[in-house]
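Report on the structure given below.
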Amino acid sequence: MKDLLKFLKAQTKNEDFDAIKISLASPDMIRSWSFGEVKKPETINYRTFKPERDGLFCARIFGPVKDYECLCGKYKRLKHRGVICEKCGVEVTQSKVRRERMGHIELSSPTAHIWFLKSLPSRIGLLLDMPLRDIERVLYFESYVVIETGMTNLEKRQILTEEQYLDALEEFGDEFYATMGAEAIQSLLKDINLVKECENLRIELNETNSETKRKKLTKRIKLLESFIQSNNKPEWMILTVLPVLPPDLRPLVPLDGGRFATSDLNDLYRRVINRNNRLKRLLDLAAPDIIVRNEKRMLQEAIDALLDNGRRGRAITGSNKRPLKSLADMIKGKQGRFRQNLLGKRVDYSGRSVITVGPYLRLHQCGLPKKMALELFKPFIYGKLEVRGLATTIKAAKKMVEREEAIVWDILDEVIREHPVLLNRAPTLHRLGIQAFEPVLIEGKAIQLHPLVCAAYNADFDGDQMAVHVPLTLEAQLEARALMMSTNNILSPANGEPIIVPSQDVVLGLYYMTREKINGKGEGMILNGSNEAEKVYRLEIAELHSLVKVRITEYKKNKDQSFIPKTKIINTTIGRAILWMIVPKGLPFSIVNQTLGKKDISKMLNTCYRILGLKPTVAFADQIMYTGFAYAARSGASVGIDDMVIPVKKLNIIHEAEIEVAEIQEQFQSGLVTAGERYNKVIDIWAAANERVAKAMMENLSTESVFNKKGEKQKQISFNSIFMMADSGARGSAAQIRQLAGMRGLMAKPDGSIIETPITANFREGLNVLQYFISTHGARKGLADTALKTANSGYLTRRLVDVAQDLVVTQNDCGTHEGILMTPLIEGGDVKEPLRERVLGRVTAEKILIPNTENILIERNTLLNEQWCDLLEKNSIDNVKVRSVVNCETDFGVCAYCYGRDLARGNLVNKGEAIGVIAAQSIGEPGTQLTMRTFHIGGAASRAATESSIQIKNKGIINLNNAKSVTNSSGKIVITSRNVELNIIDNFRRTKETYKVPYGAIMAKGHGEQVNSGETVAKWDPHTIPVITEVSGFVRFVDMIDGQSITRQADELTGLSSIVVLDTAERMTIGKDLRPSLKIVDRDGNDVLISGTEMPAQYFLPGKAIVQLDDRVQISSGDTLARVPQESGGTKDITGGLPRVADLFEARRPKELAILAEISGIISFGKETKGKRRLIITPVDGSDAYEEMIPKWRQLNVFEGERVERGDVISDGPESPHDILRLRGVQAVTKYIVNEVQEVYRLQGVKINDKHIEVIIRQMLRKATVIKSGNSEFLDGEQVEFSRIKISNRILNKQSKIPATFSRDLLGITKASLATESFISAASFQETTRVLTESAVAGKKDELRGLKENVIVGRLIPAGTGYAYHKERLNRRHTVNTNQIKPNNSSSQISAEEASASLSELLNSTLIQHDHT
């Protein structure tokens, strides 16, 4: 028995491992893998189909072709297992060893491995410090390289051409040794003393100052260090033995007709073997050098093609003119091993069919066609039939099922009971694309789907198909039921709002039911409850919409979960009273006592979930759906052509617009307006006309006049079907109705510009040919956009998932006090997003105090739920510091407190939740809804761009942030500092509005003053930037010489003369160094100092500045000295939509980016060069000044002598996130990216929670650059994983050594994915070759921390239910390591399961043998 056990143990390999290491293979290593040398290029004998001996498919090397049978047939059967046949030399074993046994080829001449040679940066080139060109010339036998110099003046590694070599031979004879080919490179690599070389380089690094040289040296040091640490030898990058892939991985299959289908690898191997054998023969014959050399070069090329075809020179093609697939091609790309087979496995058995509506289903059910269920649950049915004794064998059971006997259907019913199935609709963009349902057997062939889950699947019933999968194991069924059941996924993981929301018919039905009507039948009745209301409606005593009084009993939920009833008579309508019947206990009547639109219904479900929990909500949702369908049918809403009422005023409006356009045309012809102005004005006129028509139409549609009980005329909301559909949010929008009954309006040309003649007709009137033609542009552009968009959006999602896949919640609390300060998002006078929406579901980072007191309102580490948020609003708190993933201190993963609420469940997030993937899906899934367009600023947008004043909307107090100001001669306040923020604050100290106030704005009211709504508080000229004096005195011109630095111009209309400063480019040579400026002096001509500084008041004027003062004029503070015209930005494209999101996550530097101040200090300008000016910032504390060259054409926001803070904007433009991170820190960059991304999604009306974007930002910030390494193991300037630096510094601090200093880096998502610690994950993402080359040289170890690596190696992922499994595994390992079992008795210790499994395997195989006999 013991022997049997030992034997079985040997059969099953140990598969338990914790990490995967990749490194270079030494020749001995390759030989140790190999089971024999492949000597012949033959594959199989085409007559007998038996593999040739010593060939590429040789059975002696790779194992038998048939299970337990040698090639010549002497030994067959299991009893001979392990015997090696003396005749044919084949070991008798399973044939699957042909998938794992490797062979090798002994190369007659060493060959360079192309990956280490040509994959940039070339590793061989870096190690030898030789240019790649030279190495290639040596390898491909074009030049010699000196290896031993001897007593000559040649240098080691010097390249010699044929002539130079011959000359040197004549001169020095045998003194030196030079050669060519891979042998030369190999001996050079062998000669490198890694440790010594490394030391020399470090010394050199400390002595050099040139930046480029330092970079090169660090690269070499890093490479050498990685060789030393990984125990790789450089000469292993040159192959002397070539491994041969197991034959079953490069199959050769006979087709009928005597032909063979073969893997390309066989061709490539054959080439190598042929050339290698020929080379061997030539060497034995001592052939002439030139022939041998040519053969060696050909061998090198053959091996290059085998490893990576097409990397160097032209790819080798097969018989069909296609390049052959090499080993590298096998693993990379979408069709490669990683993405096709390891990450993208197909499901073994599933069904698929068209979907139809199942309006009678419950939320957790789906209709499954009987035929399909029978097929999917076959094995279960067979099992049941056998257990019941209804069938004796599986074969008999199979027959019964095939005949579809009556008993089979009963069994099927039993099997299916409470066995969930998974439904999946492609494309699965987020986790709600696969949900579990309990199947209900139905006739027919289509799957029936519950209408409420359509939103999650993004499904409709116009021919969509869905796939059905059966979870087999008990665990799988449990997970399907507990985690994936549709009833457990009521909230969307992206924003925490219900995703099970009624749409279309249901919304229309509920809307119709809850509408009110004046003077309806039965108005004014008093009813004793909902039942009576339904009764009078059914008996047609009253209409659905009549206003009545009803006795309603509401139930309020108590703290102890009991309900307190409260009855009162409420004014409502019949329909609302009927609807109240389905509302669960615990909700107030007020939620149905209103006209319910789509938003209100969603809110109603949300309230229900928050107050009553999951079960009542699910039941309520179902009831809502049934009721909605029923009453939509009763409403009889339909669309007829008469419902599209065209307003009477339309003709008039259009006529007026045409007259205005004609006027402008006349002005243009008489030369009063330019062509551009005319075009813009015409478009404005038509846009306004369209608005007027639309308004008239909506007024017309949305109201009707009726007589009330007293016979007076009254207006009420209309019951027009089209209006009801749009108003309820069931289908359609005001914009679509406008096209049906208003006018279609302006159309765009394919290039995006607007055609100035609008389509005045609407769809009811019909379009003429020209109008129809114009409108085809837009439609086609839309279709083309959609196709592009889908692909781009999918790629964005893939990159996001890849960068965030390893982020999992791993601990409860990391204990950090850091956080993000959340304030309401206010733009101008509108609150874009109130504070409660931003902090809901977050954890507080510090105590929140009641304003103006020391009392604690909310403790630190409180999860803010709806009740807490109400409390915040009650105490009018307008900023809260909450914890954020970006600040989380957890080394690997995130802690639950920093993440906060699990949006799809409504409680604190669980350990093991894969928040990275959820974040990626939440951002990627709405990607297809974003536009692809880049907008031209046109029409409405440009009006917003040229604001020239601030008008207040709410009453309040003015609060100016970082403002400096002076009072001018007329007593008004003039702002003299930049990025001033004006906030309007109400009595509760809450910010209501925020505005940006530009430099030079004139304020009507000052800081702390009270303003009323509608007041204008600031004015400025939008087209020029003024230069404002801060002191009073007399103007003195400096360096302002007419014709050299300035020119005088007279205005034609006013006759006033003004001085214009010339740009340096426009000046003559004499004027180049002049720096025109205005100095302010007192009566005696002494400099006036700016108050509070030692600086004289001197204002330097930039080019193009206009001065309207004369020399020696008296001025007072706050007056304008000069004006700099703003070049109107013209139509700058703002990138919008999807491309903008991609740019943000890729952290791309924008074109013409804003220039920020690197340090705080005083601005001055130094010597100018041809196209640039020198900006100098001198710190106040006297440390070193900072200089920067700035192109002349940039408009600067600062003047000489102005004080700036680090991170202030010096020249406007889009800001680069890298600059923000460097100068303002992690918080600022997080805020910037979150706001910018949200801006894009908000425009499309998509809600995504901020924390998803923060999760991605955390991943973008996971690298840092070491500045000073201190006592750590890092190099200066090396880029390291941030968590590694943190861990290392923690250890160094404990030992009181010097920790490393570092700066955080922001990487784009593609870069960040490729820079992960896990090489398996990076290789499966992009640039597989480069990643694997780098990792092999460095001998990297993959700890298998992320999800992707574990999927690839075929394990449970360390998230979700797999999280517990991995923890358990680690604990088990830990206990095994601590109490090592004594070795002597461990051999016989084998678990019962293992023994039984092994035995059954053995018995099965013997049984099979008997069957055959």
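Any Cβ shown, glycine's included, is placed from N, Cα and C.
According to Swiss-Prot, the protein has these features:
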type    : residues               : note
BINDING : C70, C72, C85, C88     : Zn(2+) 1 binding site
BINDING : D460, D462, D464       : Mg(2+) binding site
BINDING : C814, C888, C895, C898 : Zn(2+) 2 binding site
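Nearest Cα neighbour of D462 (Mg(2+) binding site) among the listed binding-site residues (C72, C85, C88, C814, C898): C898. Shown are the binding-site residues C72, C85, C88, C888, C895; the one with the most C-beta atoms within 10 angstroms of its own C-beta is C888.
Considering only the binding-site residues D460, D464, C814, C888, C898, C72 (Zn(2+) 1 binding site) has D464 as its nearest partner by CA-CA distance. Taking the Cβ of D464 (Mg(2+) binding site) as centre and 10 Å as the limit, one finds 17 other Cβ atoms among all the protein chains shown.
C898 (Zn(2+) 2 binding site) falls within a helical segment according to DSSP. Around the Cβ of C898 (Zn(2+) 2 binding site), the same chain contributes C814, T816, V843, R883, S884, V885, N887, C888, T890, each under 8 angstroms and 6 or more positions distant in sequence. Apart from D460, D462, D464, the residues listed for Mg(2+), the same chain places the Cβ atoms of I355, A459, F461, G463 within 8 Å of the centroid of those Cβ atoms. Reported as a whole number, the C-alpha separation between C88 (Zn(2+) 1 binding site) and D464 (Mg(2+) binding site) equals 59 Å. Other residues of the same chain near the Zn(2+) 1 site, with their Cβ within 8 Å of the Cβ centroid of C70, C72, C85, C88, are A59, L71, G73, K74, Y75, E86, K87, G89, V90. Listed in chain order, the extra residues whose Cβ falls within 8 Å of the Cβ center of the Zn(2+) 2 site residues C814, C888, C895, C898 are Q811, D813, T816, R883, V885, N887, E889, T890, V894, A896, Y897, Y899. The binding-site residues listed here are D460, D462; among them, D460 has the most other Cβ atoms within 10 Å of its own Cβ. Checking each of the binding-site residues C70, C85, C895 against D460 (Mg(2+) binding site) by C-alpha distance, the shortest gap belongs to C895. Sequence-distant neighbours of C70 (Zn(2+) 1 binding site) (same chain, 6+ residues apart, CB-CB distance under 8 A): A59, P64, K76, V83, C85, K87, C88, V90, E91, V92. Its own atom aside, the Cβ of C814 (Zn(2+) 2 binding site) has 19 Cβ atoms within 10 angstroms in the protein chains shown. For the pair D464 (Mg(2+) binding site) and C895 (Zn(2+) 2 binding site), the C-alpha distance works out to 40 angstrom.
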